[in-house]
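Working notes for the structure below.
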Amino acid sequence: MEDFVRQCFNPMIVELAEKAMKEYGEDLKIETNKFAAICTHLEVCFMYSDFHFINEQGESIIVELGDPNALLKHRFEIIEGRDRTMAWTVVNSICNTTGAEKPKFLPDLYDYKENRFIEIGVTRREVHIYYLEKANKIKSEKTHIHIFSFTGEEMATKADYTLDEESRARIKTRLFTIRQEMASRGLWDSFVSPREAKRQLKKDLKSQEQCASSPTKVSRRTSPALKILEPMWMDSSRTATLRASFLKCPKK
């Protein structure tokens with residue numbers, strides 16, 4: 001699974017996932033399914049934000065080829081992917097600036113158009129079950145919840161899906177591709193079932209003992225959202241020339 005993750009996801013996403021697991025004292029060599037899940041969640045958060053801006057009139061617009069002369073503000077502030085200290089700094093800054101209620105738990109995004117925090121979920125189970133788990137944990141009507149599944153299903157608070165249909169379709173297609181690639185490598189069952197995951201882990205560890213890992217070729221294409229992951233996180237003047245560059249798993 002670890003090799004698959006490094007092949008399938010952008011190196012910057014992999015690096016952020018590694019840092020997140022290290023921060024919580026988790027070993028990606030052992031928790032390989034969690035490693036894959038974190039990378040998937042990160043990519044969905046970035047894709048959610050990609051190409052969405054607010055123009056001078058305060059309207060939400062989609063810009064794929066970007067006009068460097070346009071004064072555009074990113075519609076979504078990305079909170080996921082930051083270390084906890086910086087993430088809470090971002091949240092506090094948003095609350096102080098917008099008057100939004102401070103959430104009890106760290107959300108994934110903030111939507112400047114709808115003025116609300118968003119919790120993104122990616123599940124291998126039934127979307128309604130995962131949605132209820134999220135809602136029971138957050139216990140706040142102020143945080144908007146949007147759940148995606150690997151089967152193309154989704155569920156959101158009050159059936160408000162925030163994004164246009166095409167943007168959501170890109171996310172669903174990416175998740176379906178990840179599922180298909182996992183299945184083709186015999187990894188999907190272990191990704192879904194904890195019991196199968198333990199069996200696969202023992203098999204992988206035994207395999208690693210028998211042979212050294214070969215060099216891995218990775219995709220260098222970068223999502224536009226990843227290009228703005230920098231210290232000046234809250235800079236509202238950020239503008240960039242964007243291009244459609246969604247990641248695809250390399251063929252076997």
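Backbone N, Cα and C define each Cβ position, glycine as well.
Same-chain residues at least 6 positions away in sequence with a Cβ under 8 Å from that of Glu80 (active site) are, in sequence order, His41, Leu42, Cys45, Ala87, Asp108, Leu109, Ile120. Positions annotated as active site by Swiss-Prot: Glu80 (among others).
Summarising the annotation, Swiss-Prot assigns active site to Asp108 (among others). Using a 10 Å radius centred on the Cβ of Asp108 (active site) and all shown protein chains, the other Cβ atoms total 24. In the three-state DSSP assignment, the secondary structure recorded for Asp108 (active site) is coil.
The feature compositional bias 'Polar residues' is assigned by Swiss-Prot to 208-217.
Marked as region 'Disordered' by Swiss-Prot: 202-221.
For Leu28 (among others), the entry in Swiss-Prot reads site 'Important for efficient shutoff activity'. Listed in sequence order, the residues of the same chain lying 6 or more apart from Leu28 (site 'Important for efficient shutoff activity') and placing their CB within less than 8 Å of its CB are Glu2, Ala17, Glu18, Met21, Lys34, Phe35.
Among the features that Swiss-Prot reports, site 'Important for efficient shutoff activity' is placed at Leu65 (among others).
Residues or ranges marked as site 'Important for efficient shutoff activity and nuclear localization' in Swiss-Prot (evidence: similarity to another entry): Arg195 (among others).
The site 'Important for efficient shutoff activity and nuclear localization' feature in Swiss-Prot is assigned to Lys198 (among others); the stated evidence is similarity to another entry.
If you look up Swiss-Prot, you'll see Arg199 (among others) marked as site 'Important for efficient shutoff activity and nuclear localization', on the strength of similarity to another entry.
Taken from Swiss-Prot, the feature site 'Important for efficient shutoff activity' applies to Lys202 (among others), supported by similarity to another entry.
The feature site 'Important for efficient shutoff activity' is assigned by Swiss-Prot to Lys203 (among others).
Summarising the annotation, Swiss-Prot assigns site 'Important for efficient shutoff activity' to Lys206 (among others) and lists similarity to another entry as the type of evidence.
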